[in-house]
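This report concerns only the one structure given below.
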Amino acid sequence: MSFKVELIAMAPEIFLISIIQYLIIYGVICTTSSYLNYPILVNNLSWLSLQVLFFLGLLTSYNPLTYTLTFNDLLILDEFSIFIKTIIIITTACTILISVKYNHFERINAFESIILLLLAVTGILLLISSFNLISIYLAIELQSFCLYILAALNRTSEFSTEAGLKYFVLGAFSSGLLLFGLSLVYGFTGILNLGDLFQFLCVNPYNLHIINGINLASLFILTGLLFKLSAVPFHLWAPDIYEGAPTTITAFFASVPKIGILALLTRFAYLGFYDIFFSWQELFVISAICSILLGTFGALMQLKLKRLLAYSAIGHMGFMLMGFSCGCFEGIHATFVYIVLYMMMAVLSFTFLLGIYRKKRLTRLNYLKDLTILTNSNPLIGLSIALTFFSMAGIPPLAGFFSKMFLFIVAIQSSMYTIAIIVVITSVISCFYYIRVIKLVFFDANYLWVTLVRFDREKSILVSVITTFLLCFAIYPLPIVYGVQNILYFLVRNQFDLFYT
């Protein structure tokens, strides 16, 4: 393959890396200039990064190449990777957009935060395109190192420093397990490429020495990946990190990195390790059930908003893993429909958390009780919060109901009746803590008059757009459902192309 084709295939990543270098030079020169009076550039770089993400989205969506292996099969460009990259770019742009005012109120003046965020996105984009065990590990580490620093970004906060240290220690341990698993795969097969690994396992299904070695390696690989997803039993870091990290970084943690890991898990389970997937299936089922149960019952006892969202994220991750555990095309289809809708709801929930400030002291809301009678101050925001949390609870006919219904139907079709029953029961129980938030917003009495900062224009537009999207999905879900289905068909088709070549 010509070098020109490889450059075109990886144009978005090359563009992003080049722009990051220019932004670093721009930030260092300007912030150290006495002539410019040492300006604070964090908001300036936020708006610049939104423009960068806009052009990055255009480069990704309108790439003329399809199903191209580049750089000696280290990276792959296909419809699946383009779809996931587009979701990541949109979610990252939303996260940066809601962080502008927050950085001002919380006095986060380090422009490096935006640089690190873009570097983390670079690692995630490379991870999605990775088709080789070496490039997979390097992309995960690029992403992880940026996230460790971002978790400890607020150096004046003991909670943020503690969160960064915890995340670094536990993340380094999980990365070590992941690397050990990947090295075992290479040791038993001598293969690094996922396509070659798929063909190798198809040809050698009865070689017990190799299969047992791959099963052992997959145990370490899954441990490392489930930690990154904050799935049970590797979830213990999530509540503390969510609470201690700056809220904008928490919003990023809750959405963008998990999409990349789920995309990688899809390539592993349904391509590279497809022939031994059924040995993974029990682990997926156990992790999914435990995540749903712990996320549901853990959230019932929470009094702080960010910890509530952390346990909610663990529960939602259980639903996504349930789709993976079905072991069929319909399972990953339902999972990625769920991912698209969950990303929208996660961005909405953190938009409310970042946008509501007490006017007198410019303090944000920390506890659930701070939401008391919010509808008196801003009825439209109160209504949007109600729609968001009703949707996350799975109340019909909102978008969250359809996403859970798809997973429930797939579980029944796959004869996984136990997990289907657990899903129904936990969905009913989870309604309690979601509806408790709505009860506080609309009905509980607040005996202290609190004046809130006006919801800024950027967040208002974002809330309006996403709320409209969720309502439109409830009315007419077919475009998203069929769109995701068509994208995943390409993933399955590429798998059969590998088998017959």
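Sequential numbering from 1, following the chain as shown.
Cβ from N, Cα, C; glycine included.
Lifted from TrEMBL, the feature list:
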{"type": "DOMAIN", "residues": "131-430", "note": "domain 'NADH:quinone oxidoreductase/Mrp antiporter transmembrane'"}
{"type": "TRANSMEM", "residues": "6-29", "note": "transmembrane segment"}
{"type": "TRANSMEM", "residues": "80-98", "note": "transmembrane segment"}
{"type": "TRANSMEM", "residues": "110-128", "note": "transmembrane segment"}
{"type": "TRANSMEM", "residues": "134-153", "note": "transmembrane segment"}
{"type": "TRANSMEM", "residues": "165-188", "note": "transmembrane segment"}
{"type": "TRANSMEM", "residues": "208-227", "note": "transmembrane segment"}
{"type": "TRANSMEM", "residues": "248-271", "note": "transmembrane segment"}
{"type": "TRANSMEM", "residues": "283-301", "note": "transmembrane segment"}
{"type": "TRANSMEM", "residues": "308-332", "note": "transmembrane segment"}
{"type": "TRANSMEM", "residues": "338-357", "note": "transmembrane segment"}
{"type": "TRANSMEM", "residues": "378-399", "note": "transmembrane segment"}
{"type": "TRANSMEM", "residues": "461-482", "note": "transmembrane segment"}
Using Cβ distances below 8 Å and needing 3 or more such pairs, separated by at least 6 in sequence, tell me whether the transmembrane segment (338-357) contacts the transmembrane segment (110-128).
no
Taking the transmembrane segment (134-153) as the first stretch and the transmembrane segment (283-301) as the second, find out whether 3 or more Cβ pairs fall under 8 Å, excluding pairs closer than 6 in sequence.
no
Any residues 6+ beyond the ends of the transmembrane segment (248-271) with a Cβ under 8 Å from its own?
80-81, 84, 87-88, 91-92, 95, 98-99, 102-103, 113, 117, 120-121, 124-125, 127-128, 130-131, 136, 143, 147, 150-151, 153, 194-195, 198, 221, 225, 228-230, 241-242, 277, 280, 306, 309-310, 313, 317, 320, 324, 332, 335, 339, 343, 346-347, 350, 353-354, 491-492, 494-495, 498
Cβ under 8 Å, sequence separation of at least 6 from the ends of the transmembrane segment (208-227): give me the contacting residues as numbers and ranges.
170-171, 174-175, 177-182, 184-185, 187-189, 201, 234, 237, 261, 264-265, 268, 273, 276, 279-280, 283, 287
Residue list, the transmembrane segment (461-482) vs rest of chain: Cβ under 8 Å, 6 or more residues beyond ends.
94, 97-98, 337, 340-341, 344-345, 347-348, 351-352, 381, 384, 387-388, 391, 397-399, 401-402, 406, 455
